[in-house]
Amino acid sequence: MSCDLVEWKIESSPIDYQEAVYFMQRKVDSISDGLQKELVWLLEHPALYTAGTGATVEDLLASNLLPVYSTNRGGKYTYHGPGQRIAYVMLNLKTRNKCNVRLYVKTLGDWIINTLSHFSIKSYFNPDLIGVWVTHNGIEKKIAAFGIRIRKWITYHGVSVNIYTDLSHYLGIVPCGIKEYGVTSFKQLGVNVSYEEFDIVLEKKFNEIFSSFN
């Protein structure tokens, strides 16, 4: 399936988390029924925490700091908020003949790694610690988190990339259940980029990486 058939939707203001989940669930049904195109949805949320299907109470360190939403994506606790670019990806793995979840996650990783490389950020995918990582001043830190769900072989939820995120909000959780490593952002790495600049490269790299994902 050509990447030209994938719709791109970019939001200019923060989207309520529950509203976003409801939209994705309806979109999954429409894609499965052949009524709508696949979609990559770029947005940001107000400051909040989400608890994936693997979340444990011990990983929520400050329950009163921000709103907390339980969600059906994979993974544990993560933070979403201003300065973080979220890409919710709704693709039909069945029509792409790619009913392979591991391959899909790896392809997501390749997409983000190639995008970051454009901005001279060297990053890598760690299959044991899901997400995209960088080494900064000799310390490994996560710059992009993954959390996906697949229903009817349609993917949804997706990837969050820290651009100029307030990293102090991560102190209220154990991000993705990983105590040993921290998080970082474009800003902390000394890379200044706008959403507009990032989105252009993100779409370009998506078309390159996912062109063979069918």
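Glycine is treated like the rest: Cβ placed from N, Cα and C.
The feature domain 'BPL/LPL catalytic' is assigned by Swiss-Prot to 34-214.
Annotation comment: Swiss-Prot describes R73, G74, G75, K76, Y77, T78, Y79, H80, A145, F146, G147, G158, V159, S160 as substrate binding site, evidence class sequence analysis. Taking the Cβ of G147 (substrate binding site) as reference, residues of its chain lying under 8 Å away and at least six apart in sequence are, in sequence order, T50, G52, T71, R73, G74, G75, T78, H157, G158, S160.
Taken from Swiss-Prot, the feature site 'Lowers pKa of active site Cys' applies to K142. Every protein chain shown contributes to the tally, and the Cβ of K142 (site 'Lowers pKa of active site Cys') ends up with 24 other Cβ atoms within 10 Å. Following the DSSP three-state reduction, the secondary structure of K142 (site 'Lowers pKa of active site Cys') is strand.
Per Swiss-Prot, active site, acyl-thioester intermediate is recorded for C176, and the stated evidence type is sequence analysis.
Among the record's substrate binders, R73, G74, G75, K76, Y77, T78, Y79, H80, A145, F146, G147, G158, V159, S160, no two C-alpha atoms are more than 15 Å apart, and one pair sits at exactly that spread.
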